[in-house]
């Protein structure tokens with residue numbers, strides 16, 4: 001009886017080792033990408049959406065914007081700008097929610113807007129199949145902080161790793177496809193150097 005129990009324990013131990021070896025991590029041998037520091041909507045004081053339209057994932061486009069507001073370097077500053085932006089979008093523009101999927105402050109933190117997989121209201125023609133990312137501030141004549149730029153690149157890599165963004169997604173600026181100055185000339189010139197840039201959407 002003791003021998004049978006020992007054999008069963010040994011078999012379970014070996015099975016656990018095999019499962020840990022072949023079952024851990026993503027398929028296709030991809031290494032997991034660390035996601036950037038993120039504050040959820042409830043953490044920055046956002047209100048619930050008045051409606052939801054879901055996207056079909058993975059998403060094929062990423063659209064870069066700026067908010068043309070003040071910049072922020074602390075959580076308190078960013079939260080105030082986000083709350084004001086959401087109020088303007090929901091009350092004055094009659095959007096379901098803040099228009100962007102994500103926003104990034106000069107504190108290097110990603111702030112959840114509508115989030116992954118939910119249709120935003122950021123770029124006509126690209127809301128259903130695009131993720132809108134807005135840098136908080138005006139970047140016509142200067143770049144966001146390096147920590148903000150790094151956070152955006154980490155967010156994109158994380159989105160691909162989690163299956164939210166297509167492996168071959170296209171990165172564009174809002175000004176390429178709608179009548180706007182967004183994301184500002186200096187930031188526009190910067191993102192043209194990033195992977196996945198699409199020069200003629």
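Keep in mind that glycine also has a Cβ here, set from the backbone N, Cα and C atoms.
Here is what TrEMBL says about this protein:
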type	residues	note
DISULFID	35-158	disulfide bond
DISULFID	72-78	disulfide bond
DOMAIN	36-178	domain 'Peptidoglycan recognition protein family'
REGION	24-44	region 'Disordered'
SIGNAL	1-20	signal peptide
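The Cβ neighbour count for residue 78 (disulfide bond), using a 10 Å radius over every protein chain in view, is 23.
Within the same chain, residues at least six positions away from residue 72 (disulfide bond) with a Cβ under 8 Å of its Cβ are 78, 80, 81, 105, 106, 107, 136, 137. Model confidence over the domain 'Peptidoglycan recognition protein family' (36-178) is summarised by a mean pLDDT of 98.
Counted over every protein chain shown, other Cβ atoms within 10 Å are most numerous around 158 among the disulfide-bonded residues 35, 158. According to DSSP, residue 78 (disulfide bond) sits within a helical segment.
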